[in-house]
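Everything below concerns the one structure shown next.
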Amino acid sequence: MPPPLQAQRLLLSHRRLPSSHRRRFTAVSSLPSAPAKTVAAGQAPSSILSIRESLLSGERTAAEITADYLSRLRRTEPSVRSFIHVADAAAEREAEELDRRIATEGQDAVGPLAGVLVGVKDNLCTANMPSTGGSRILDGYRPAYDATAVRRLREAGAIVVGKTNLDEFGMGSTTEGSGFQVTTNPWDDSRVPGGSSGGSASAVSARQCVVSLGSDTGGSVRQPASFCGVVGLKPTYGRVSRFGLMAYASSLDVVGCFGSSVVDTATILSVIAGHDKMDSTSSSHDVSDYKSELVPLDLLESKPLNGMRIGIIQETLGEGVETGVISSIKDAASHLEQLGSVVEEVSLPSFSLGLPAYYILALSEASSNLSRYDGIVYRYGRQVSASDLNELYGGSRANGLGHEVKMRILMGTYALSAGYYDAYYKRAQQVRTLVKESFKEALERYDILVSPAAPSAAYKIGEKINDPLAMYAGDIMTVNVNLAGLPALVVPCGFVEGGSTGLPVGLQMIGSPFSEGNLLRLGHIFEQTLQNYSFVPPLLAES
Amino acid sequence: MALTLLRGMRTPIVARRDAGLFFTTLQTPLSRFTTRAESAHATEPKAAPKSIQLATKEAAEQKTQGFEAVIGIETHVQLSTVTKAFCSCPYSYGSQPNSTVCPTCMGHPGTLPVLNTKVVECAVKLGLALNCEITMTSKFDRKQYFYPDLPKGYQISQFDIPIAKEGYLDLDLPVEFGGGHRRFGVTRVHMEEDAGKLLHSESGSYSQVDLNRAGVPLLEIVSEPDMRTGIEAAEYGAELQRLVRYLGVSNGNMQEGSLRCDVNVSVRPIGQSKFGTKVEIKNMNSFSAISRAIDYEISRQILLHKEGQADQIVQETRLWDESSQKTFTMRKKEGLADYRYFPEPDLPEVVLTSEYIDEIQKSMPELPEAKRRRYENMGLSMQDVLFLANDDNVARFFDSTLEHGADAKLAANWIMGDIAAYLKNEKLSIDEIKLTPLELSELIASIKNGTISGKIGKEILIELIAKGGTVKSVIEEKDLVQIADPAAIEAMVDQVLADNPKQLEQYRSGKTKLQGFFAGQVMKASKGKANPVLLNKILGEKLKANS
């Protein structure tokens, strides 16, 4: 049996090495192998595991763990602004209740996520907590129900610490499109965290919560994960129930999750995945205990990816992609090669067609899904006073919906209009079929496809706000995956110049439907063996 | 057959709102009994049938003046499933506003529709009953428009792939309207959800939304433009109502809005193949109103044609006003409405298997058309056939009576005669009386075999309807067995002749019609039990012998 692979060293500093000193990744086999025993946790330790261990050993109480996170949240929130709503009092109360139950009923009385603080994207409904979708039109709306993903997390013992910021109804790539506030990137507060799940990504990045839920319609989990240097998972369409997720584009929307490690992300997925009778599009496909399928670092063989075939999507490394991003991805690819896999370039001819098709389909569905926000106050939402119906609708929607949302509704309405339907919606559906087929074909030849998660690292706040086309173009890396309904995992893989300490770049790994287990295993090995990088933002090091 | 037309005549309340016109119907606790009773006496002269006949006559006259009408109907049938189409809320007509709602049927953010499979079952049943081709893979689509009673801003419906298509409906026109068999094409049957209701304040300053009805399953049945007169259209609606009732998919109640018909009417010169400009008529809440509204509309359009003002016929929605018996413009269509249909992404396709369809086919009851043909083959008149077959309760009673061995014609006569009259007087339906089909067949048999006379039979029938029991027990209890012993009758005849010497004298002097008087006396003496044939025979012999 080959000697187990060990991490070279644990970066104790929050600060990344200066880029000039950063070593390009070298062959794993050539690494010195004299590890200290304490290093076994690898590069990205599981926060969930450590919480569980301290709770069960009695080392720390849930109240102490919660207080720890809340104090970091209070300290960082003024600059990051991840949360639209912080349920700190409720979180403290729930933590105390957990401690009481552990004291009286024992450790078995609490669920696997006991004491784990979760941030929930505000387009996921939470009972008795504001749920706005980032839109002023839902200001003050408190649903009577939890989204299924939220309910399952709560049932497992997790504590919802608050509702994270997003581009209004998930429409945007920067979180600047929120009706409430602009979230900043924990790596550089002059930059966007990405979007639309920017709040969920920045909250995990800044360790304001342990894990978070997001939603991904065209890259809204993966691109912010890349921008913020966290792990982000977009599951297969139908893997997680959409019940309680405010619909943006129903045929593309999935609930995803963020963690500071692959282990945490896998743990969350096992809890939220599975069929739900409240969502007819949710799948009955078996759910594994994804975490237990991950191979710990100290049990890894020297070439753990032996026999694995990885395709690197040719079209994602060309024009319009930052050179720093390209080199990070190429480094990641050679890392994967070092681990024993075969990495080859693969061409997806329909790749460039995905973006326009995506925008037509997503906006068409959005124009329909957002019709319910009509200002009829009897139901919910804001209403302006008016003397007739059209004025009531027009006024309420003009007043309550933001610019980007209105633009997308108009475009979607146009695409579905009589006389245009065939040229736009129908055509886009045909392209979608092509995209699906070309992925299917490629995934018959390769176990996993990889690409950047975004063509650039986090850009400046305001940089693309007046250039929607540039912002839409930024989704090129991710939208095809939604069109094909495939699962994709983004794992931080490197840095590019920018900010005070560099900006993180994420590697997107794409698999066949319901191959989340594979993706997480690969992501975990990649993460555990990635040397010299720490993805804890400078914001935390400063304090 | 004015009976179907009479069913459900109620005056609608027409309310004018600033935002437009809204229509609602009185929640009259209309009992089925009344409608049954009315139907039992179809021939009784009443205002409505008269006007229908008049209108039809007029329409017929106008037809001869070189024009013909083309009529198509869109019918919405509310399904009587336990829960709504896409959530688990119950629905019952007349509940407290907004008492049968949930986040899903209120269209709250993040909620998703989950199809109630009973809706598919109902759709397949009706599709089969309408001789349609059932679509093995159909889908749902969103029909988008804004209205306060539509919580999601779109209605889940079926657009280009309905669950059933290309069928037809057979019916027999009422004898009073000339009769005749008709086959009307059915373009499609599709599933969709109902919207809520608006309730307007008296002052008109505000309106309230009741979402109880939102999400209740509907089937929309679109006919081919195959009808030519109001009565044909009304009969099409009535037959559809019978079908949904026979199938048990809906109560078909027009007053509650469980069955709603929108008709399209156009006229064209005879011989022209191109359709004229069609006008949609709404707000008819009885089949009688449908017939009258169409015939009014046909005359209106023909008049415009004849006056050279055919261009005044525009594509519009008109409302039937019961009080003035006229149609009025509700709204002119501004071009084609664009509902921006697209496939509903929240629901998977509806995929059926042939086993599923076969199973439903096997569970189908005998439908009205088959019933009518069967009764017709028994030699019953069309009048009888329609009366017996067109009400499933009556048909069930009739069939059951036949199963117990009764003669079809005799059973039909009893049901259409004395029983129907009783039902009318007492305002009852046939399944609410104490008489059972078995006893009716016993009664018929007892008369046939001479145990009782027809006259006694009628008395027993009333007794059985009101109090129940068996024919045998009533006969015994009241000692009603017919006296068929010649000696006993002869004794009674002798006695009567002896008791009435004066009349006998007159008889002998040529007043032979007094035989009836003697017969009556004997019958009286026998308490009505003497066999009339035997009695007359013996009496005749005696009188002849004595003269």
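Glycine is no exception: its Cβ is also placed from the backbone N, Cα and C atoms.
Over in TrEMBL, the protein carries these features:
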{"type": "ACT_SITE", "residues": "A:Lys121", "note": "active site, charge relay system"}
{"type": "ACT_SITE", "residues": "A:Ser196", "note": "active site, charge relay system"}
{"type": "ACT_SITE", "residues": "A:Ser220", "note": "active site, acyl-ester intermediate"}
{"type": "DOMAIN", "residues": "A:64-520", "note": "domain 'Amidase'"}
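All features noted in TrEMBL, drawn onto the structure.
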| residue | record | DSSP (3 states) |
| --- | --- | --- |
| A:Lys121 | active site, charge relay system | strand |
| A:Ser196 | active site, charge relay system | coil |
| A:Ser220 | active site, acyl-ester intermediate | coil |
C-beta crowding around the residue listed as 'active site, acyl-ester intermediate', within 10 angstroms: 36
Number of Cβ atoms other than its own within 10 Å, given for A:Lys121 (active site, charge relay system): 36
Number of other Cβ atoms within 10 Å of the Cβ of A:Ser196 (active site, charge relay system) across all protein chains: 35
Between A:Ser220 (active site, acyl-ester intermediate) and A:Ser196 (active site, charge relay system), the C-alpha gap once rounded to whole angstrom: 5
C-alpha spacing of A:Lys121 (active site, charge relay system) relative to A:Ser196 (active site, charge relay system), in angstrom: 9
Averaged pLDDT score, the domain 'Amidase' (A:64-520): 94
